[in-house]
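K.L.:
Here's the feature list from Swiss-Prot:
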type	residues	note
DISULFID	CYS114-CYS193	disulfide bond
CARBOHYD	ASN2	N-linked glycosylation site
CARBOHYD	ASN13	N-linked glycosylation site
CARBOHYD	ASN20	N-linked glycosylation site
TOPO_DOM	1-44	topological domain 'Extracellular'
TOPO_DOM	66-81	topological domain 'Cytoplasmic'
TOPO_DOM	103-115	topological domain 'Extracellular'
TOPO_DOM	137-159	topological domain 'Cytoplasmic'
TOPO_DOM	181-205	topological domain 'Extracellular'
TOPO_DOM	227-265	topological domain 'Cytoplasmic'
TOPO_DOM	287-296	topological domain 'Extracellular'
TOPO_DOM	318-361	topological domain 'Cytoplasmic'
Amino acid sequence: MNESRWTEWRILNMSSSIVNVSEHHSCPLGFGHYSVEDVCIFETVVIVLLTFLIISGNLTVIFVFHCAPLLHHYTTSYFIQTMAYADLLVGVTCLVPTLSLLHYSTGVHESLTCQVFGYIISVLKSVSMACLACISVDRYLAITKPLSYNQLVTPCRLRICIIMIWIYSCLIFLPSFFGWGKPGYHGDIFEWCATSWLTSAYFTCFIVCLLYAPAALVVCFTYFHIFKICRQHTKEINDRRARFPSHEVEASREAGHSPDRRYAMVLFRITSVFYMLWLPYIIYFLLESSRVLDNPTLSFLTTWLAISNSFCNCVIYSLSNSVFRLGLRRLSETMCTSCVCAKDQEAQDPKPRRRANSCSI
């Protein structure tokens, strides 16, 4: 009964908004329609900027991994590369709503385009989030079980885990094609997605319980315990320094305290960014599916805030790795050296003089 009333209210609300804007669609952020160019300028700028950052950032990560063989010796690199490929595809997929904002007349089969786009980007974000959780588990095992880590985490098991992540992500959103509900608000740029494809409280709880909540809890649990271990190591080093203020302990403090402190700060940034970008989206997803809140502006902002995590991943997880930074620096030096050598070669090569009143091809 409440479901039917909510549907009727939304249809009436949308019909009244359509009457108000007459021939034009309303923009997602509610700033109205720009009738001069037939484009929602602000929304287009936001999506184009995010798309550029996501594609350029993850292309850099993938290129450095392929050009730096040392990175392949780290087990975390398997998940970082998988996450980079998934986030790169997120950026490429974001070109679809950009084109939709630039040209509202999408033609036939808008419902199919909306469903396919929503499904694909939901799967890619699921892979990215699952990789974040797997990276945290990998770091947790490396710190808590250092002696048996190489036996627990093998390349074969890592490949199987990555395959299972893709299969699980594809299956968990598949019921959206069978009328269970909308997997998210990524496709609400399309008119059909925003007005005709409604969310379902049961399907939302299904996704949150099987994907978002486990990933968030795993990240919180593992990094919290890693942070505790780092603090414990720092405390032990400080106690040893207080009891035995020798040169050996001073050297161990300089070699051990600073890395632990830096690692703890990296973990704090990782966890903070993860929750700041994903928690608003999850909360709004639950509230809107429960018919408590319906705000297109919040829907747009929380959705693209969560999608921006695809750019933050490549910045935090890659640039916090010292080996990756070394590979990036060497790659940059190689490219700069090749450019300088090419310019020097051009400067050294003698150029033939042109005769007056002559033509050269």
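Note: Cβ is positioned from N, Cα and C throughout, glycine not excepted.
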K.L.:
Write out how many residues of the topological domain 'Extracellular' (287-296) are helix, how many strand and how many coil, based on DSSP.
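P.N.:
Residue counts for the topological domain 'Extracellular' (287-296) by secondary structure: 4 helix, 0 strand, 6 coil.
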K.L.:
Averaged over the topological domain 'Cytoplasmic' (227-265), what pLDDT does the predicted model reach?
P.N.:
65
